[in-house]
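Engineer: Quick one: structure below, then a few questions.
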Amino acid sequence: MAASSADKSRPLANFSPTVWGYHFLSYTPEISSQEKHEVDELKEIFRKMLVETCDNSTQKLVLIDTIQRLGVAYHFDNEIETSIQNIFDASKQNDNDDNLHIVSLRFRLVRQQGHYMSSDVFKQFTNQDGKFKETLTNDVQGLLSLYEASHLRVRDEEILEEALTFTTTHLESIVSNLSNNNKVEVSEALTQPIRMTLPRMGARKYISIYENNDAHNHLLLKFAKLDFNMLQKLHQRELSDLTRWWKDLDFANKYPYARDRLVECYFWILGVYFEPKYSRARKMMTKVIQMASFFDDTFDAYATFDELEPFNDAIQRWDINAIDSVPPYLRHAYQALLDIYSEMEQELAKEFKSDRVYYAKYEMKKLVRAYFKEAQWLNDDNHIPKYEEHMENAMVSAGYMMGATTCLVGVDEFISQETFEWIINEPLIVRASSLIARAMDDIAGHEVEQQREHGASLIECYMKDYGVSKQEAYVKFQKEVTNGWMDINKEFFCLDVQVPKFVLERVLNFTRVINTLYKEKDEYTNSKGKFKNMIITLLVESVEI
């Protein structure tokens with residue numbers, strides 16, 4: 001029989017305090033008319049260049065790639081879409097290129113845009129045994145392009161699996177001997193390939209790489225720098241508004257046991273969408289993800305089971321009249337939760353979009369039920385569930401099903417009811433993203449969690465059910481992550497249903513965030529190191545013009 005939670009001590013996690021506090025409260029930068037005018041002028045220069053450069057040319061491929069990597073492609077969505085479609089159509093008629101760099105670059109750009117280009121284009125670079133020709137090892141640019149292209153593979157694309165192995169091996173062997181700028185670019189790619197890179201982080205790093213390239217276009221570089229700084233000011237203002245909201249809620253004092261990570265939550269959502277048109281959605285989503293983080297800590301690292309039962313029930317009811325049944329110390333949090341979604345409804349009602357909030361509530365309730373299920377297992381004499389049962393619940397408690405749905409609520413674009421129904425029914429891309437999030441989170445944090453009273457992680461469940469070592473479990477989970485990325489790629493060009501590409505891109509970007517923050521350790525929980533530096537790079541330090 002389960003022990004009474006009244007007899008148990010609270011499973012305190014002793015999370016580290018906030019790094020930032022209310023630091024961004026005073027950030028209220030203004031975007032000058034001069035800045036905006038300069039960016040607009042440069043934007044038109046490159047819009048014209050995109051339109052006038054022949055689609056079926058090397059110059060066009062390089063221009064699109066450079067614009068995308070510098071983080072300014074959002075200004076030219078229509079022009080780039082039209083160009084890539086034309087490039088894709090032309091490639092079906094004429095595929096005589098034998099330049100590894102160009103073939104790889106075209107392949108990556110076309111697949112990134114959501115078109116299925118066959119990986120057979122790389123057969124010309126292989127021997128009869130299917131191995132890539134050793135003569136290619138002298139072509140550093142070609143190797144790097146093929147390496148980047150290989151990350152757009154789907155399952156069972158053996159030629160791209162071989163490409164990844166071949167390029168990784170050779171790039172790792174030569175990187176230390178490359179010139180400085182090439183060394184930086186190759187090292188960055190080996191650490192974080194383009195497909196897995198947060199667009200904003202990638203842009204900031206590529207600005208420096210591009211600047212050190214002797215052949216750079218100085219106007220394009222200036223455009224990227226000005227645009228980066230102008231966007232940064234917008235992001236700082238948003239974060240200032242959110243900091244004021246967070247300070248007024250006073251969670252840091254009322255709930256000191258929980259991770260105080262408002263700035264880190266904003267960075268997370270900035271990774272999902274950084275463009276100006278998503279400003280409202282970013283602010284809405286940051287509030288939601290900070291609340292989800294709070295609930296995670298409450299269910300996992302503070303509240304007793306006797307407190308969690310009525311709290312979960314109240315959230316499932318989603319009714320202010322249920323507040324009296326909530327443990328007194330959690331009533332403030334319950335009120336805050338209802339207020340966030342009520343404000344969403346009021347804001348969206350002006351545009352006749354308030355029905356979207358139903359789906360956001362649905363997913364938050366589902367997330368909290370998953371947190372509660374884990375608390376039930378722990379309360380039941382630390383019951384260790386079967387791996388498959390735990391995996392199904394853990395895919396939800398990872399939070400990415402909730403995130404994939406809720407991040408769409410505040411966007412300006414039209415989203416049909418069918419798209420919302422599709423996404424809450426856990427399509428492959430959402431399940432793959434959630435699996436990656438859960439697997440990377442568990443690999444990075446399960447040993448720390450086991451140092452306190454905590455339910456078994458997926459890794460412990462897998463080890464117990466299959467009688468394998470921790471290292472074997474790690475290999476299994478890393479394989480799941482790799483497969484998850486290939487499934488995400490597949491959904492971009494193999495979907496049977498009509499889902500807007502920007503919806504798929506949000507899920508992709510959520511996955512990029514987890515890949516960035518949990519690659520080596522749990523940077524979100526331990527936010528004083530690399531995560532702090534990333535925030536400084538994107539939200540504190542401007543780019544020198």
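In case you wondered, yes, glycine gets a Cβ from its N, Cα and C as well.
Given the structure is predicted, the values throughout are model-derived calculations rather than measurements.
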Engineer: With the ranges 176-180, 296-300, 351-355, 476-480 to choose from, which does Swiss-Prot describe as motif 'DDXXD motif'?
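Structural biologist: Going through 176-180, 296-300, 351-355, 476-480 one by one, Swiss-Prot flags 296-300 as motif 'DDXXD motif'.
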Engineer: Note the mean pLDDT of the motif 'DDXXD motif' (296-300), expressed as a whole number.
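Structural biologist: Averaged over the motif 'DDXXD motif' (296-300), per-residue pLDDT gives 94.
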Engineer: How far is it from Asp296 (Mg(2+) 2 binding site) to Asp441 (Mg(2+) 3 binding site), counting Cα to Cα, in Å?
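Structural biologist: Computed Cα spacing between Asp296 (Mg(2+) 2 binding site) and Asp441 (Mg(2+) 3 binding site) is 13 Å.
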Engineer: Between Asp300 (Mg(2+) 2 binding site) and Asp441 (Mg(2+) 3 binding site), what is the CA-CA distance rounded to a whole number of Å?
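Structural biologist: That comes out at 14 Å between the alpha carbons.
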Engineer: With an 8 Å cut-off on Cβ-Cβ distance and a minimum sequence separation of at least 6, pull the same-chain contacts of Asp441 (Mg(2+) 3 binding site), or say none.
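Structural biologist: Sequence-distant Cβ neighbours: Ala398, Ile514, Tyr518, Asp522.
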